[in-house]
Amino acid sequence: MIVCFSPYLNGERAVVILFIGCVLFSLPLSLLLHGVALSLLAIFALYVEIRVDISSSSISQFKTRPGASSGILLGAVTLSAVMLSKLIQLSRAFSFHEIESEELNYLAIQYWATYASCFSVLIFLCFVMRHSLDNAHSPPHWSWGAKFGLSCIVLSAALFILSGTGMQTTLKLLWVLFHGFAAVKLVQHLLNTFPSCASIGEALLVTTGLVLYFGDMLACTISKLHGYLISSESDHVQYGIQRSEISTIIQGLLLGLLLFPVFFKFVLHTWDCLFSATVLASGTYERGRTFLFYSSLGLITVVITPSWMQFVQDFQVHPFLWVLTFVFSEPVKRLSLCIYWLCVIYASVLRFYNISRSSKIERILLRKYYHLMAVLMFLPAVIFQPKFLDLAFGAALAVFLTVEIIRIWRIWPLGQLVHQFMNAFTDHRDSDLLIVSHFSLLLGCALPIWMSSGYNDRPLAPFAGILSLGIGDTMASMVGHKYGVLRWSKTGKKTIEGTAAGITSVLAACSVLLPILASTGYIFTQHWVSLLLAVIVSGLLEAYTAQLDNAFIPLVFYSLLCL
């Protein structure tokens with residue numbers, strides 16, 4: 001039996017199974033059905049990944065990133081496991097009466113929405129594979145697979161219904177199914193629009209996150225509209241949890257920029273239809289296109305998205321004025337931090353850009369210095385100015401999105417210059433069409449901090465991205481590149497020495513960080529056993545995964561720290 005199944009249990013899958021086992025082992029009885037659902041999702045994802053690996057041509061219609069495995073199992077379970085870990089954390093708080101039941105119910109719906117998004121994409125991949133096999137006139141060996149997939153669907157629906165109570169269960173089921181349908185449409189769009197830029201697992205992770213974020217924004221808007229339309233305040237249904245002004249600003253700005261390319265394409269198409277001939281004849285087409293781009297961008301960022309922010313959050317002033325007021329409420333600390341960040345960025349980018357053009361150092365190793373730069377920038381801020389760092393992360397991500405849109409569309413005068421500059425830092429995981437490494441590094445550091453807002457009884461959880469990427473991943477690469485001899489696999493480059501260095505460095509950083517946190521008022525509740533397990537599992541995942549580790553390792557580390 002071991003010999004039979006050993007080809008299907010590679011290192012990445014073994015680490016993911018260990019990760020899921022850690023989460024399930026920590027489940028309280030009240031979340032038993034959620035854990036059964038996660039187990040079902042993991043089994044289904046493993047089945048789909050094995051089928052894809054056996055017949056790689058079955059999904060040949062999607063051009064995935066060269067050199068990467070499908071990563072379906074890791075992509076399907078990561079975000080669902082994060083949500084379940086947060087549910088475990090909030091269930092502890094609820095048992096001690098530190099949070100209200102509304103917050104726990106809100107996160108439960110988010111978990112099922114995430115689950116439905118991943119599950120629906122897996123079903124879609126099954127249909128794609130079956131269609132490909134039917135066209136290839138393959139033997140009918142899909143009968144068992146079809147029955148297995150149908151059984152998973154029925155069991156998942158039953159688990160969701162059993163976990164919910166009251167008359168709203170049907171509406172919640174429809175809302176969850178809406179997330180699944182949206183995830184299928186979005187993953188198709190991403191894989192077709194950006195070929196060879198991501199694996200299936202990476203696209204699945206991005207799709208699930210975007211659908212969850214968009215769905216939350218839509219539900220918040222509908223709830224606010226419902227509150228305006230009804231006459232009695234007692235009938236008002238508050239969606240989700242109480243939001244801070246910073247989270248609303250970040251959500252509105254980022255989603256506005258993500259939707260901006262669709263808006264700009266519509267504006268550009270309308271302009272081409274109306275004035276194309278005249279503009280081409282006068283030779284001002286490029287200037288007109290540039291003017292349309294910047295004017296459309298200004299309309300989105302200054303008028304449309306702030307209007308939504310004011311609608312859902314009841315800002316008394318324009319949100320950007322609120323940001324300025326917030327920054328200058330503690331001008332010495334926050335402006336000094338901004339100056340410090342600018343100095344670090346200027347010195348680092350200038351130094352590493354010159355090295356990248358004149359040195360033969362490998363790009364992947366050179367970019368690890370940016371991980372260390374992230375530690376220098378974010379570690380002091382997350383300890384002393386966490387709310388301002390939340391806002392700064394959102395602003396930096398908005399700048400990255402804007403610059404990447406300008407680069408992709410080659411908007412004059414910055415488009416070509418940005419493209420040439422960014423190419424100095426790309427490696428095999430990037431492409432000319434889409435450069436994602438800087439996004440993954442920023443989000444890997446930001447997401448644990450954003451998700452730790454509100455109740456958090458694990459002081460190291462916000463540092464998950466900084467520790468795993470800035471310290472662990474960097475030390476693993478440097479030590480493995482210079483001293484590594486024993487490789488984890490015959491085909492991979494990761495070494496046992498590098499992994500050991502990464503795990504040791506993170507544990508050493510935690511031993512230094514915890515006393516600092518205790519001196520600033522944090523309550524020490526992180527058990528060393530759970531910390532050791534989190535560091536080892538995330539370190540092994542970095543050693544074995546062929547996916548973009550900046551995206552997955554911080555989420556896995558964060559999930560295990562929350563348990």
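Cβ atoms here come from the backbone N, Cα and C positions, even for glycine.
What TrEMBL lists as transmembrane segment is 15-48, 68-88, 108-128, 148-167, 249-271, 291-312, 332-353, 365-385, 391-412, 433-453, 459-479, 500-522.
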Segment proximity, the transmembrane segment (15-48) to the transmembrane segment (108-128), 3 or more C-beta pairs under 8 Å: yes
Among the ranges 15-48, 68-88, 332-353, 391-412, 433-453, the one whose Cβ pairs under 8 Å to the transmembrane segment (249-271) are most numerous: 391-412
For the transmembrane segment (500-522): best-contacting stretch of 15-48, 365-385, 433-453, by Cβ pairs under 8 Å: 365-385
Long-range Cβ neighbours of the transmembrane segment (332-353) (under 8 Å; 6 or more residues past either end): 366, 369-370, 373, 376-377, 380-381, 384-385, 388, 392, 421, 424-425
Residues from the same chain, set at least six apart from the ends of the transmembrane segment (291-312), whose C-beta lies under 8 A from its own: 220-221, 224, 243, 248-249, 252-253, 255-257, 259-260, 263-264, 267-268, 271, 318-320, 402, 406, 409, 411
Highest-contact recorded stretch vs the transmembrane segment (459-479), from 15-48, 365-385, 433-453, CB pairs under 8 Å: 365-385
Beyond the flanks of the transmembrane segment (68-88) by 6 or more, those residues with Cβ under 8 Å of it: 12-13, 16, 19-20, 23, 26-28, 31, 34-35, 38, 41-42, 44-46, 48-49, 52-53, 59, 104, 107-108, 110-111, 114-115, 118-119, 121-122, 125, 199-205, 208-209, 212, 429, 451, 545-547, 552, 555-556, 558-560, 562-563
